[in-house]
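Annotated features, as they stand in TrEMBL:
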BINDING   513, 516, 553, 556  Zn(2+) 1 binding site
BINDING   522, 525, 540, 543  Zn(2+) 2 binding site
COILED    181-208  coiled coil
DOMAIN    285-451  domain 'Helicase ATP-binding'
DOMAIN    548-719  domain 'Helicase C-terminal'
Ligand code: ADP
Ligand code: ZN
Ligand code: ZN
């Protein structure tokens, strides 16, 4: 039998299955979807078995060397999905398969030194074997650290002449956690006898046996708990194990990041008529195994999550499984608790806050069928469930559902692929659907499922627009307008809570010289550095470069270097000055770096330990605090002027989300939005809670400027350390595309992108706008292969992004 294997080499030449002979002893073990180790040239590599056939066209096949998994890690469906991804997202099959699995399952490769010709070595370098035999079978990386320069130079020469070799060994990084358990197989009578026979002085051993006599003695107990409960030491237990009275075993334990949180069980709520109307057709599809995409457009607080949970309930009762995607920043403890509260240990959770081992364990629960629901960020869409009954994508408009590295997939597209495969509904939910999805719903491609009212008919909060230009004209130079400040003071007096939202991070966005206008930029990327006050350092958000703040302007030596822009730290400082009695919690990338910090800060706010929650994007979503009656948006237009055709859409979405945080319960909510362009429709319509109005205006603008959803986009970015080369190649690519695509396709560029250099690599782009290009994928592949090949030794990189979300 022959196994078709995709090997772990991320280059185009190996992007196809290779045939390997399956040795007889492995026959019962090898099946599609497992990982194996195979010889590949001089190396050993990890590979995925994607198929098994009886014959091969090739002769002289090599054999599979060893087997890593005893159960498939990829189902037949996922194998097919990987193939589809490689075609639609222009990625390598190996990257598609790796993206489906937790990082812990990526192989690591280590090289070990072996001596192949000792006799020859001794003749060339007499005496060299004394140190070489020491190094034999040691890891090459270690040898490099310890060996002398002379020794290394000999080894390198010997390598070239094949007298020694480096053997590559594949390590599977996935590790499971094991704990020691103690149990006994003796009857109570026999235990009692053993107890009586023990010497009086063996007090600790007696304690241990007494534990097993008193407690339910048949149940194994973790060693660490036994030590505590029996007031005994490790050695006492060892003695008893040695005597054969107790048995010690290692048991695999799944790490459960939520083991210690107490989550109250909830039951389904009686639905409103509106909710019922949305749920019914979905349930019907679940019962009939029918695929259909729903767009659930419901204002914040309209009870979408309750609908999701009741649909999932149906799915579970049918013995099927559910995937719920939530954007990473909305994967707040609150959201997780709602699902854990309803479905208990039947839920696996996947998000970036978990350790590598925890993620691996959550994944294994899914793969073994120990859970039926997964709640997770983007990559949870690949959960290896076998009987999917529903896929839900909450906040479907979030751009984080598109992966910005290979494979550049969009979770929504993958969801629809899987929904078709399993014959199950896909529910996209949002208060502010993406224009693309809403347009599809208008055309009937998706089924629109609207919710117009908030639960209990609570009104949406009133939004007050403040023109900051006028504030400035009337002499107010602070970052708080007069109305916002007086409302903050009012809430403070009443003991109600406020949320302040700022769409920026750091202390200020950039540092500029007031005399000559010089802005400090990253020496490797053409972008200004951000000042972080706590460390007093300037940082590049693209490459991580840091430096300390200069005393004088590097250009004119002036001492007047100033921080511009408003960051969360600066707002926090202003608050402490203006409202010294207010207790403020700040949440941004810097204060939530530590594991669990996010949860802690939110809990503190929820427990009323602060009056004001100040933060960035991460507080815009999913938070639900009853005591919040005021939401302030400090700089509503900070996103409006980004060089991105979605800038208005993103601004509208964000403002709507933020506004939805206020007055979600019995207290009435108010929203204050500060802006320098209060007349822009994205801001006006968000203030009026008018999605339809915004949709129509924005669709008109997209039509005028020929952008999605009227046209599709593909963005090609070329990068290289040498500027003329980048321009030259991009020009050639543009010409190539003009020749090959239909004359209806528009090819824009080549142009320099808004960030023309990142990590010392210049960048150049061209953009294709098109409606219908049947050969597009084929032509793009051709283009990539042709130009990439011509310049491989030059480190030239060509990135092709189909349906891009990041235009910088
Ligand atoms: P959304 O997800 O649309 O923002 P949620 O599902 O969070 O809305 O619902 C908002 C609030 O209303 C939650 O506190 C939720 O528990 C409550 N809720 C939802 N459905 C009902 C219902 N049918 N009856 C009573 N309360 C409900
Ligand atoms: Zn200067
Ligand atoms: Zn940089």
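Numbering starts at 1 and runs along the chain as displayed.
In case you wondered, yes, glycine gets a Cβ from its N, Cα and C as well.
Positions of TrEMBL features highlighted on the structure.
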{"residue": "513", "record": "Zn(2+) 1 binding site", "DSSP (3 states)": "strand"}
{"residue": "522", "record": "Zn(2+) 2 binding site", "DSSP (3 states)": "coil"}
{"residue": "540", "record": "Zn(2+) 2 binding site", "DSSP (3 states)": "coil"}
{"residue": "553", "record": "Zn(2+) 1 binding site", "DSSP (3 states)": "coil"}
- Message: Comparing the binding-site residues 513, 516, 522, 553, which residue's C-beta has the most other C-beta atoms within 10 angstroms in this structure?
- Response: 522
- Distant-in-sequence neighbours of the coiled coil (181-208), which means Cβ under 8 A and at least six residues beyond its ends: 217-223, 226, 230-233, 235-237, 239-241, 243, 245-251
- Judged by the number of other CB atoms within 10 angstroms, which among 540, 543 is the least packed of the binding-site residues? 543
- Message: For a quick check of packing: other C-beta atoms within 10 Å of the C-beta of residue 525 (Zn(2+) 2 binding site), how many?
- Response: 21
- Note on the structure: Rounding to whole Å, the Cα atoms of residue 543 (Zn(2+) 2 binding site) and residue 513 (Zn(2+) 1 binding site) are apart by 23
- Should we count any of the binding-site residues 513, 516, 553, 556 as near ligand 3, judged by a CB under 6 A from one of its atoms, and which? none
- Euclidean distance between Cα atoms of residue 522 (Zn(2+) 2 binding site) and residue 513 (Zn(2+) 1 binding site), Å: 16
- Candidates near ligand 2 among the binding-site residues 522, 525, 540, 543, 553, judged by a Cβ under 6 angstroms: 553
- Query: Using C-alpha atoms, which one of the binding-site residues 516, 553, 556 comes nearest to residue 525 (Zn(2+) 2 binding site)?
  - Reply: 553
- Message: Quick check: which same-chain residues outside 522, 525, 540, 543 lie with their CB within 8 A of the centre of the Zn(2+) 2 site CB atoms?
- Response: 523, 524, 527, 529, 541, 542, 544, 545, 758, 759
- Task: Whole-number Å only: compute the distance from the Cα of residue 553 (Zn(2+) 1 binding site) to the Cα of residue 522 (Zn(2+) 2 binding site).
- Result: 15
- Item | Cβ contacts of residue 556 (Zn(2+) 1 binding site) (under 8 Å, same chain, 6 or more positions away) | 513, 515, 516, 518
